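Quick look at what Swiss-Prot lists:
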- 65-74: compositional bias 'Basic and acidic residues' (COMPBIAS)
- 410-421: compositional bias 'Gly residues' (COMPBIAS)
- 423-441: compositional bias 'Basic and acidic residues' (COMPBIAS)
- 43-74: region 'Disordered' (REGION)
- 245-254: region 'Positively charged region required for RNA-binding' (REGION)
- 255-258: region 'Interaction with METTL3' (REGION)
- 278-287: region 'Interaction with METTL3' (REGION)
- 308-312: region 'Interaction with METTL3' (REGION)
- 395-456: region 'Disordered' (REGION)
- Y146: site 'Interaction with METTL3' (SITE)
- D242: site 'Interaction with METTL3' (SITE)
- R245: site 'Interaction with METTL3' (SITE)
- R298: site 'Interaction with METTL3' (SITE)
Amino acid sequence: MNSRLQEIRARQTLRRKLLAQQLGAESADSIGAVLNSKDEQREIAETRETSRASYDTSAAVSKRKLPEEGKADEEVVQECKDSVEPQKEEENLPYREEIYKDSSTFLKGTQSLNPHNDYCQHFVDTGHRPQNFIRDVGLADRFEEYPKLRELIRLKDELIAKSNTPPMYLQADLETFDLRELKSEFDVILLEPPLEEYFRETGIAANEKWWTWEDIMKLDIEGIAGSRAFVFLWCGSGEGLDFGRMCLRKWGFRRSEDICWIKTNKDNPGKTKTLDPKAIFQRTKEHCLMGIKGTVHRSTDGDFIHANVDIDLIITEEPEIGNIEKPVEIFHIIEHFCLGRRRLHLFGRDSTIRPGWLTVGPTLTNSNFNSETYASYFNTPNSPLTGCTEEIERLRPKTPPPKSDRGFGASRGGGRGGASAGRGERGRERNRGSFRGDRGNFRGRGGPHRGVFAPR
């Protein structure tokens, strides 16, 4: 009991210190001098009551009936003057603006250590976007508090660096170039088309031809994708979400994930973009749709995918106006997730050429691609895959085994989604996600109804 009391007191002391820092007080004991005291709050309440009473009095005078017969007009006039004089005195007083200094104004929950965490209001006041305050977003410090994940990322990066093919690139106009001339099938295809939306938001003239979604849909992606493959399509933040799904469907892929790029403005707060004519608010994120072709199971296809290694969010600083390049972190997400070595980047640039990838784009300044040389890197049966070590297999997140394989005691009782959830094959089918190769996209535990009874 004493330890619990000491813990509560320590939290209270820390909370008061943080409050003092936020409110500009000298110390935790001087918070009361900054906040409204009880006398000030009582004075504000009395002022409101006086104003309300004076308003009621003036309304009563305006609705007063005609004077009775025999009552002197001078008495009526004198009563009206007596009721109007207090109102004139209040009007002559200087206007006093109410300044709300109470710390509970923006308090979200009684256990909050930071009472002024209304980031939307902070954006209005300073121009700093709310996502600026998300911590540990960089690749270097993201897993500082998770040593196993940090070690897993290090081992995978070392293995990827050893198994990468030399960087290859080809300057080609994708409007007229036949992708089948690459003479190869690919496990991963990343598309970064220059959409009209990018140039419309920046408000500057395009230095390269922008593509419409009709042109993007005409690309022969289905002709160069392997029997099981993934496609990653950058589609902006507007109507591209719908058109991107249409492209995936036309190419024979199923949409399975949406990777969001959240843009911060720490270096240049308050920077505004040209507002899209179809938008009400300024958009500060972009979407990269991920599609899958073929059948990929997380539990059985560990030689081709490693799920749940990364998250589906990229949080980086927004590039300068006119720069439509995407964050380099998308390459790390793809390489950590898919173990296929045949990677193709369409609409690439000189700055995106990297080992392990074939980069094709109209803005490249040089070419070194040779179809025979590229095919020679994948002659042996297992050469299209990066492989896996015992340590990586031990550290990587895996799909939980079925309940029937966990032991005698673990299979007792039903799932959280109802009586039938978790029993036999039907229960496992209900617990299975909508995408078998998904990176953790489960609909919930025990079926679609999480912890409640199924609707009648």
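Each Cβ is built from the backbone N, Cα and C atoms, and glycine gets one as well.
Of all the recorded sites in the list D242, R245, R298, the shortest Cα-Cα distance to Y146 (site 'Interaction with METTL3') is found for R298. Under the DSSP three-state reduction, Y146 (site 'Interaction with METTL3') is assigned to coil, being neither helix nor strand. A straight line from the CA of R298 (site 'Interaction with METTL3') to the CA of D242 (site 'Interaction with METTL3') spans 27 Å.
Cβ-based crowding with a 10 Å cutoff singles out R298 as the top-ranked of the recorded sites R245, R298.
The secondary structure of D242 (site 'Interaction with METTL3'), as reduced to three states from DSSP, is helical. Confidence for the region 'Interaction with METTL3' (278-287), expressed as mean pLDDT, is 82. Residue density at Y146 (site 'Interaction with METTL3'): 11 other Cβ atoms are found within 10 A of its Cβ, drawing on all protein chains shown. In the three-state DSSP assignment, the secondary structure recorded for R298 (site 'Interaction with METTL3') is coil. For D242 (site 'Interaction with METTL3'), no same-chain residue lying six or more positions away in sequence has a CB closer than 8 A to its CB. Note: the region 'Interaction with METTL3' (255-258) comprises 0 helix, 4 strand, 0 coil (DSSP; helix = H, G, I, strand = E, B). When DSSP labels each residue, the region 'Interaction with METTL3' (308-312) comes out as 0 helix, 0 strand, 5 coil, counted as helix, strand and coil in that order. When the region 'Interaction with METTL3' (278-287) is classified with DSSP, helix, strand and coil residues number 0 helix, 3 strand, 7 coil.
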